[in-house]
Amino acid sequence: MRLDVVSKAARAAQRFSAQCHGQKFRTAHASATLRAALAVEASEANQKGRSAGLLAAMALMGVAGVASMDDNAAAKCEGAAKPVSREAVTQAMLKEVVTKLNRIESAVANPHRHTDGLNVGVDVVLGAQWGDEGKGKLVDSLSQSYDVIVRVAGGSNAGHTIVHEGKKYKFHLVPSGILNPNAICIIGNGVVVHLPSFLEELEELKRMGVDYEGRILISDRAHMVLDLHQEVDGINELRRGRNKIGTTKKGIGPAYSSKMLRNGVRVGDLRYFDDFTEKMVDLVKFYKDNYPELEADAEAEIKVYSDMKDKILDMTVDTVSYLNNAYVAGKKILVEGANATMLDIDFGTYPYVTSSNPSIGSVCTGGGISPNRLNGIIGIVKAYCTRVGEGPFPTELHDDVGEHLGTVGAEFGTTTGRARRCGWLDIPQMRYSNMVNGFTELNLTKLDVLTGLKKVKIGVAYWHEGKKLDGMPSNLQLLQDSVVEYEEMEGWSEDISKCKTFEELPVAAQKYVLRVEELLGTHIKWIGVGPDRFDVITRTHPLEKAYISGN
């Protein structure tokens with residue numbers, strides 16, 4: 001057995017235990033460490049001992065955010081309505097520890113699926129707010145270590161802007177991982193694709209020097225967004241009048257509607273063009289019957305796809321099989337999320353949402369990937385909040401601070417060019433997003449935008465008629481009528497864009513990050529301090545740091 005590894009993991013666990021309340025909790029940690037030691041012993045022949053030892057230590061640290069809360073706040077875990085005893089809180093924590101240790105044992109049983117950290121199995125990057133959090137920037141950075149990058153939901157309504165080697169790239173359908181010259185990029189079955197826009201995006205990338213040939217694949221099961229869908233999108237928005245949703249008018253909703261009505265056309269249909277033509281004629285007739293003002297021309301649209309079908313079919317494959325074969329072959333797969341959790345058709349602020357599921361479930365339904373193949377789930381959180389279009393926004397600002405955030409943060413939509421609404425970071429919303437997705441790590445982006453503010457605030461609770469709300473209300477009127485409780489913290493004036501370590505940040509900025517981490521109970525691993533791909537601080541987890549140092 002690698003006793004040095006086990007002893008380091010044990011010492012790290014003991015140091016963490018010393019910070020926790022109650023002898024039972026410390027005893028449980030000792031027992032958990034023993035289980036971890038046995039895991040190391042069992043995996044000796046198949047896996048590096050250090051890897052399992054580190055996993056063990058990290059599992060024990062997984063509840064650090066809960067342990068650091070005060071008694072009353074911690075008692076709220078497990079959905080308790082009233083403060084409960086420390087012993088009950090400890091039991092809730094231990095449930096988390098057991099869950100994480102079971103994952104370690106799964107790693108031992110399936111050593112080909114697990115190593116240190118990310119890059120094993122399927123990792124996922126998801127927006128945790130209302131979009132525009134900076135997902136593309138992290139994907140651009142992480143993708144250099146992955147073999148396959150895949151999108152699983154949404155369409156050209158999504159937009160990523162990335163500054164890469166001094167050039168600004170704008171992505172809508174193509175995964176931003178295409179900037180990794182060694183990666184294969186996939187548009188999964190859950191994406192709806194406007195093929196003319198897709199080809200235009202590829203041509204723009206080619207003009208900027210990106211060689212995508214042979215590296216971009218489209219699912220034969222992906223549904224197509226047609227020009228008539230975009231026209232219908234605009235008509236629907238006009239019909240809503242003052243109840244407009246704020247759609248991007250990219251045809252996303254109508255395309256998903258066709259999918260659910262089972263009269264849509266899929267990319268793979270282009271292989272059998274006579275059938276495709278018949279489906280197109282029927283679809284145009286269906287929409288003209290329901291939208292007399294529609295100007296769609298079936299023959300003209302069929303001609304467009306006849307001209308491009310060969311080029312598209314060269315990129316079209318069964319991506320479900322491709323992804324799962326890549327997984328079995330040990331390829332590193334990264335899912336690049338589009339839109340965000342609060343725009344999810346089921347979990348977002350309905351009806352002011354998108355028409356797909358840009359939360360964790362879309363990885364399975366939009367990529368054909370089994371949930372037991374998922375590894376890291378990374379939530380992207382802007383250091384403040386933004387939203388494009390209509391819909392409730394509890395922490396929205398209409399003052400000089402809101403103007404500062406919009407101006408300094410260059411908050412204009414990549415897809416629409418519309419100015420984004422800005423506000424303070426919303427913890428109740430983030431806790432809800434964290435609950436839905438089960439984030440393993442967070443990336444806090446655009447911390448530099450808060451520079452120059454004398455005071456910064458964090459929305460920590462919603463109140464309605466004198467009562468604190470539990471969770472995120474599904475009723476929009478209740479959400480709109482709620483009052484946000486804020487915590488105020490000191491701001492900072494120092495330029496942080498050149499900071500490379502957490503310790504280099506101003507003390508006030510460090511306190512802000514740590515407070516957000518404490519409130520969410522999830523480790524903030526990455527901190528964005530500027531627009532470039534390298535303007536990111538990577539934080540070592542406290543227990544991982546203790547383990548590596550061996551102190």
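Just so it is clear, glycine is given a Cβ too, placed from its N, Cα and C backbone atoms.
Copied over from Swiss-Prot:
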- 131-137, 159-161, Arg420, 446-448, 528-530: GTP binding site (BINDING)
- Asp132, Glu133, Gly134, Lys135, Asn157, Ala158, Gly159, His160, Thr248, Arg262, Asn339, Thr354, Arg418: IMP binding site (BINDING)
- Asp132, Gly159: Mg(2+) binding site (BINDING)
- Asp132: active site, proton acceptor (ACT_SITE)
- His160: active site, proton donor (ACT_SITE)
- Thr414, Thr415, Thr416, Gly417, Arg418, Ala419, Arg420: substrate binding site (BINDING)
Item to check | Neighbouring binding-site residues, C-alpha within 10 angstroms of Asn157 (IMP binding site) - of Gly131, Gly134, Lys137, Gly417, Leu447, Val529 | outcome: none
Item to check | Annotated IMP contacts Asp132, Glu133, Gly134, Lys135, Asn157, Ala158, Gly159, His160, Thr248, Arg262, Asn339, Thr354, Arg418, maximal Cα-Cα distance (Å, integer) | outcome: 34
Checklist entry - How many neighbouring Cβ atoms, not counting its own, are there within 10 Å of the Cβ of Arg418 (IMP binding site)? => result 13
Item to check | Listed binding-site residues Asp132, Gly134, Thr248, Gly417, Ala419, filtered to Cα within 10 Å of His160 (active site, proton donor) | outcome: Asp132, Gly134
Next on the checklist: Just to verify a number: CA distance, Asp132 (IMP binding site) to Val529 (GTP binding site), in angstrom, no decimals.
Outcome noted: 16
Item to check | Rounded Cα separation (Å) that holds between Thr248 (IMP binding site) and Arg420 (substrate binding site) | outcome: 13
Checklist entry - If you measure C-alpha to C-alpha, which of Gly131, Thr161, Val529 (binding-site residues) come within 10 angstroms of Arg418 (IMP binding site)? => result none
Checklist outcome for this item: In this structure, the one of the binding-site residues Asn157, Thr161, Thr248, Asn339 whose CB has the fewest other CB atoms within 10 Å is Thr161
Next on the checklist: If I take the alpha carbons of Gly131 (GTP binding site) and Asn339 (IMP binding site), what is the distance between them in whole Å?
Outcome noted: 5
Checklist outcome for this item: One of the binding-site residues Gly134, Gly159, Leu447 has its Cα closest to the Cα of Gly417 (substrate binding site), namely Gly159
